[in-house]
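Note sheet for the following structure.
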Amino acid sequence: MVKILVTDPLHEDAIKILEEVGEVEVATGLTKEELLEKIKDADVLVVRSGTKVTRDVIEKAEKLKVIGRAGVGVDNIDVEAATEKGIIVVNAPDASSISVAELTMGLMLAAARNIPQATASLKRGEWDRKRFKGIELYGKTLGVIGLGRIGQQVVKRAKAFGMNIIGYDPYIPKEVAESMGVELVDDINELCKRADFITLHVPLTPKTRHIIGREQIALMKKNAIIVNCARGGLIDEKALYEALKEGKIRAAALDVFEEEPPKDNPLLTLDNVIGTPHQGASTEEAQKAAGTIVAEQIKKVLRGELAENVVNMPNIPQEKLGKLKPYMLLAEMLGNIVMQVLDGSVNRVELIYSGELAKEKTDLIKRAFLKGLLSPILLAGINLVNAPIIAKNRNINVVESSTSEEKYGNAIKITAESDKKKFSIVGAIINNKPVILEVDGYEVSFIPEGVLAIIKHIDRPGTIGRVCITLGDYGINIASMQVGRKEPGGESVMLLNLDHTVPEEVIEKIKEIPNIKDVAVINL
C-alpha cells in the first residue's frame, strides 16, 4: 500500500483524492526530528509552505517517489536534492490565478470609491457623504503590466466593468494581445501616460525591480490609481510615497511590499493608500484548488502517467537522463540567454544539433531550452512538461535540425529572432562545464557565470577600456572577459562575467560610448 504523508493543513477534498491511491496520514506541526522519522516510510510527501523539505529530510526518505507542493512556490523544498534521488516534485501553479485577479479588482474598486476610508469614518460615528466621493471604472483605461495567467484573468474582469484595456508585455505577440481585446503598447512609459488605473502582474527580477519608478510615476495622470498584487519591489516605494503625499496621483492599493511585513513604511501613514497583508492567494477556493490540483498530479505520477506540473523533470530512465542531463542544462542556459538578449516577442527558434547529439532523441533537450527561454518572463509554473505548450500558446515557432558538420563536436546551435532583432549562439559541454563557443558568428570560448554581458562593438583602440572604466565607476567588478572578432578594426563582440547585476542607467552609459553597437545583460 502506498503511504502518503501530509504535514501541512490540506483541504478535505484533496485528502479524499489522495485516499483513492494510498493510505493517508495527516501529521501537521511536526518537529524536525519527528519529520525525519516519519519520512523514512513515506512514498509520497504533501506540504504547503510550512514544512521545510531540506536535503537531510530527503536523504532520510528511503521510499519517497513524489513530493507535492499545494501551491506555487517550492522555496521550502530542496528540488535539487529531490532530483538527485529521482524524486518527482509537483506543484499547483494555476491555483491562485483567479483569487489574485479578484483581489486586484477588489482593491481597484476600494481605491476608486474610498471604501476603507468611508468604512472607518462610519465606525467613528461620522456621516460624511461628500468627503469620500470616488470615480467609476466604467469607460476608464486600465493599463495591465504583464499579460500572463493572472494578467489575463484581470483583463476578463476589467472588460466586464466596461474598461478599455492597454497592456505592456514585451514577450506577448501582438496578435495574442488582440485576441484578448488588449491594445499592446511597446513602451511602459506610454502605458503610464494613458492609463487611469495601472495594475502589475510580472515576476520580480533584476530587470523588473522598480519597473514603476520616479520617471514612470511622473508621467501618470493626476487621477491615476496604481494596484500591485504581484511582488513587492516592482514599484519604487519612496517615489510612490512622494507622489501620493504631494497629490500627483490619486491613490495606491497594495497587497505586497518591498519589506514584508512592512516596518515603519511611510506609505501606510497616507490616507490615499489602502492595503492588505499579502492576501492574493488567501481564499477558500485557492486553498482548495491548490490541494486538489496537487493531489491529482500525485495520482498521475503514481499511475505512471505524465503529470503537467512537474517542477524538476519528467519521469524518465536514469541511464538516459544521465547522458542527456548536461546538455539539458546547457540548453536551458542558452534559452535563458536568448530570451534576455532578444528582449522581445520571440517569433522563431531553431535548435541545430551536431556530433553525437545529432543521433539522439532530443525532445528533452528542446524542452529544457524552452524552459530556459520562458523562465525570465513567467512568474512561476514553467517546467519541462508544460514549456512546449506555453511556447505554442505564445506563437513561438520551434524547429529542430541536425548537421553532419562537427566543427565543435557535440554542440547545440541556437538561431532565434524576435520582432526587434536576430541572434545566434553555439554552446557545448567541455570538461563537464557549459561553454559558449560562438556568438552571432564570432568565435569565443567562454564559461558564463552569474551575470553575463554581451556587448557588440567596433574594434577600435580604447573602446573596451571605456567599458571597463564605466563599470568600475559604478562599483561593478569584472570577473572574466573575452573578445571575439573576425578581423582587426571590424565588428566584434565582448563577453564579460560580472560580480553584480548592471542597473539600467549603467547600460545606457555604456551604450553612449563611441563604437558600441548593442548591449545585453543576462542574469543567469
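Placed from the backbone N, Cα and C atoms, the Cβ positions cover glycine too.
For the NAD(+) site, Swiss-Prot gives Arg149, Ile150, Asp169, Cys229, Ala230, Arg231, His278, Gln279, Gly280, Ala281; the one candidate out of Asp128, Asp187, Asp196, Asp255 that the record lists there too is Asp255. Glu260 (active site) has a Cβ environment of 11 other Cβ atoms inside 10 Å. When averaged over the domain 'ACT' (452-524), pLDDT in the model lands at 93. When the alpha carbons of His278 (active site, proton donor) and Ala230 (NAD(+) binding site) are compared, the span between them is 9 angstrom. Counted within 10 Å of its Cβ, the other Cβ atoms near His278 (active site, proton donor) come to 16, all protein chains included. Each residue contributes its Cα atom, and for Glu260 (active site) and Ala281 (NAD(+) binding site) those atoms are 16 Å apart. When the binding-site residues Arg149, Asp255, Gln279 are screened for a C-alpha within 10 angstroms of the C-alpha of Arg231 (active site), the residues that qualify, in sequence order, are Asp255.
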